[in-house]
Structure formats: C-alpha cells, structure tokens
Amino acid sequence: MSLTNKNVVFVAGLGGIGLDTSRELVKRDLKNLVILDRIDNPAAIAELKAINPKVTVTFYPYDVTVPVAETTKLLKTIFAQIKTIDVLINGAGILDDHQIERTIAVNYTGLVNTTTAILDFWDKRKGGPGGIICNIGSVTGFNAIYQVPVYSGSKAAVVNFTSSLAKLAPITGVTAYTVNPGITKTTLVHKFNSWLDVEPRVAEKLLEHPTQTSQQCAENFVKAIELNKNGAIWKLDLGTLESITWTKHWDSGI
C-alpha cells in the first residue's frame, strides 16, 4: 500500500519509537499526519513539518485512559477537519509493573477503547468506509519477560485482540495487524520496575543483550504499514522485520 496522500492518525506519535516512526511517515508524502499524545512537543511537531512541508501535521492532546465517549468526540472533530482517516496507529504504552492498573489501562484498555471509538465512523454495517488499524504490541506478547508479567500480559492481550479484529474484517470492513518491537533503545527500557521488585536490575540485565535502535525499528514499522497485511503479527527485532506464524492449539469452531 502506498502511503501517498493518506490520512494517518497516530496515538503516541511523539514517543521514542513513535517520533522516529512519525519522521519516516512524513517522508512518505502523507496528506495528513494527526498525532494524539498526552504531552505536546512543539519542537518535534515543527521538525516533522520541516521534514516534508507538503504533509499537514496536526497535534491534539489525548490520554488513552479517557472514556470511549471522549475519544469519539475527539475523533468527530478530526473527521470534521480532514474528512477521512485511512490508518489508525495505536501506540500508547508504559513499562512499569509497579503501576498495575495504569499499565493495563494504557497498554490494553485504552487501545481497545480507541479502536471501539473509531469503529463508530468506519464500520461498514453503519455505512462506514472501513479502515486499517495498526496496533503496537511487543515481542513480550509472544514470550514474556517474566519479571514484568503485567506488561507482558497486556501485550499478549493486544496480540489476541488484534487477531480477532482481523478476523472480523469481513463484517466491519476494518483490517488490523500488530507490530511487535523487540528490545529497543528508548527511555522506556533504560529504567523500569519489575513486578513486586522480583528483579531490581531487570532493565540493566535486559540491556546486556543485543538491542535495536528506535530508527531501525521505525523503518521496519513503516514497511509493515506499507505491506498492509490483515492479521499479520510482525516481529520487529534487531533491525529485521519478520511475519510470525501463530501456533493454533485450540479453535472455537464458530
């Protein structure tokens, strides 16, 4: 899929991986890049505009933990402004297993709520045009970092939720896939808390192993968006992009 003249809404598009991905996206000659994030970063927005002045870059403050009704209201404003949204990227995430409720609220519930809200506009059963959802998971959604089971569990939930969305595409007209970064050098992983402090040095130990840069991750992130494969589970690790085949151990039969 060419991203030329597409309208993309990027939740958390100013974070570590998020900002580098936004930089790559504007190079693709989008029509609009709408960034929703908790904290404004005028310098980053100005940089994105300077990279490609042909792309309209807009920022709206957004906390993914707000009720669905508030998200729907914000999306209504965005649709009124740019008329169509082609791709929604759900990228909000925190890594801190001391904050159990917030980890689940940001990493999973917020993603589900944002998705639910945009279906109000996209669902073909309501006359909508359909759309594409790219959800950011993590390799911990396949195999946990067991010292951070809350974070890992939230990312496993993202993978399963998104796989379900993909199978619902014939009904809703909305396709979906996950991009799942491996350990990436961002502020997220430099220091974080394990669950019940089971491993106080978890961040330090993790960074002893091979990692990738956020730029490497961002480049493969955008490649995955361009490949636009419904139901794909993409692994973005050590500068590579790989489609994961999920092993089926059970089937509902419906």
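Here the Cβ of each residue, glycine as well, is placed from N, Cα and C on the backbone.
Secondary structure from DSSP puts Y151 (active site, proton acceptor) in a helix. If you look up Swiss-Prot, you'll see Y151 marked as active site, proton acceptor.
Residues or ranges marked as NAD(+) binding site by Swiss-Prot: 10-33. All chains included, 21 other C-beta atoms sit within 10 angstroms of the C-beta of L19 (NAD(+) binding site).
Cβ environment of S138 (substrate binding site): G93, Y151, S152, K155, V158, N180, P181 lie under 8 Å away, each six or more residues apart in the same chain. The substrate binding site annotation in Swiss-Prot covers S138.
In the three-state DSSP scheme, F10 (NAD(+) binding site) falls into the strand class. Within 10 Å of the C-beta atom of S22 (NAD(+) binding site) sit 29 other C-beta atoms, taking all shown protein chains into account. Within the group of recorded positions (F10, Y151), the Cβ with the highest number of other Cβ atoms inside 10 Å belongs to Y151.
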